[in-house]
Amino acid sequence: MNKKSIRDVDLKGKRVFCRVDFNVPMKEGKITDETRIRAALPTIQYLVEQGAKVILASHLGRPKGQVVEELRLTPVAARLGELLGKDVKKADEAFGPVAQEMVAAMNEGDVLVLENVRFYAGEEKNDAELAKEFAALADIFVNDAFGAAHRAHASTAGIADYLPAVSGLLMEKELDVLGKALSNPDRPFTAIIGGAKVKDKIGVIRHLLDKVDNLIIGGGLAYTFVKALGHEIGLSLCEDDKIELAKEFMQLAKEKGVNFYMPVDVVITEEFSETATTKIVGIDSIPSNWEGVDIGPKTREIYADVIKNSKLVVWNGPMGVFEMTPFSQGTKAVGQALADAEGTYSVIGGGDSAAAVEKFGMADKMSHISTGGGASLEFMEGKELPGVVCLNDK
């Protein structure tokens, strides 16, 4: 990575404004999944060890520029203190006199959590005045919130106009892993693209067709490709306005020598429920009042074989409606193939794919699970991320 990280700067005694991603799911004031807090620990611990005064900023939920009591970061600060095994202070605002006083009282190695930055309307507008207020608290800006790196907000990008700006360790790892995948991949390189809609994945498919050896398609978006081949798809998801694009992608793959894999059989159902009756049919045999909800067993075998013979696999989007047991086998099979593959580096692109490997208990078998769904998708589209562009070059 050609951006400076916290390893490249002197931190001792410095006030560090560190943007983290503590946007964790909460239920009745309790954190239900602390993955994102744990992901930030190496950076926070490094800053503490280096003798920095660690000022942490994050958003939580979508308060839309006003104070929402249940979206305060108080429970997050409390849990962080437990995980760090030290006292973590919490400010009830993200800038201004109270925050400044608390920062002024900090010693080297102290940790302070600021209030939810999205309580302020200027955050999502990338307001320069708010960015200046944040910057006034610190000597150095550290961005470790890869999950929010595709947003040009005051605390993720704007603040970098007023302070030296470097990446944290999590951000650095994300950029190294995803950057290597796109610029210098080990081959064969396979991308697995799933999820519901073609329109969400157009950019990533187009960009990856120039990079990969194999492209595997699954999930709801596959049926637009199936229809593009001239097959009937019953009640399956289809974006009729994307059929021509699907044809174009299949043609491009052929021209570029990319092996393009689509389902050969699918799991179909007449009803969307945990107890649904399902059938398995060939891709050209979906009855008019049934819909495809998962890839079939033959497809699973083919995909698993491609995965097994790949050196690098990037996976973005499930193969079916994995949240429901009858339609989860395809996604599970892809996860299992990645877990079992020897010598294959697996990159899980955040979002639903990450949720799926967690759900199936396979997370620890994956080489890298990205902490940013939208951010990793935009990165794989070849877009520049505002929260990265703003960092100082090495």
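Quick reminder: no glycine exception, Cβ is built from N, Cα and C everywhere.
Look at Swiss-Prot and you will find D21, F22, N23, R36, H59, L60, G61, R62, R118, R151 tagged as substrate binding site. What Swiss-Prot records for K201, G292, E323, G350, G351, D352, S353 is ATP binding site, and it gives sequence analysis as the kind of evidence. Look at Swiss-Prot and you will find S183 tagged as phosphoserine, backed by sequence analysis. The annotation phosphothreonine is assigned in Swiss-Prot to T299 on the grounds of sequence analysis.
Here the features listed in Swiss-Prot are placed on the structure.
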residue	record	Cβ contacts under 8 Å, 6 or more apart
D21	substrate binding site	R36, A39, A40, S58, D144, A145, F146, G147, A148, T371, G372
N23	substrate binding site	R36, S58, H59, L60, G61, G147, A148
S183	phosphoserine	none
G292	ATP binding site	A222, Y223, V226, I233, G234, S236, L237, P263, V266, V267, I268, I286
E323	ATP binding site	none
G350	ATP binding site	G147, N316, I369, S370, T371, G372, G373, G374, A375, S376, L377
G351	ATP binding site	N316, G317, G373, G374, S376, L377
D352	ATP binding site	G195, G317, P318, F322, G373
S353	ATP binding site	G194, W315, N316, G317, P318
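Spatially close to R118 (substrate binding site) yet at least six residues away along the chain are H59, L60, G61, R62, P63, K64, G65, L71, E124, judged by Cβ distances under 8 angstroms. Residues D21, F22, N23, R36, H59, L60, G61, R62, R118, R151 make up the record's substrate site, and a Cβ search at 8 Å around their centroid adds S58, N116, A148 from the same chain. Note: T299 (phosphothreonine) has non-local neighbours G218, P263, V264, D265, V266, G330, i.e. same-chain residues 6+ apart with C-beta under 8 A of its own C-beta. Spatially close to K201 (ATP binding site) yet at least six residues away along the chain are I193, G195, L221, N316, G317, L377, judged by Cβ distances under 8 angstroms.
Per the record's binding annotation for ATP, residues K201, G292, E323, G350, G351, D352, S353 show a top Cα-Cα distance of 24 Å. Secondary structure at K201 (ATP binding site), taken from DSSP and collapsed to helix, strand or coil, is helix. Of all the Cβ atoms in the protein chains shown, 14 others lie within 10 Å of the Cβ of G61 (substrate binding site).
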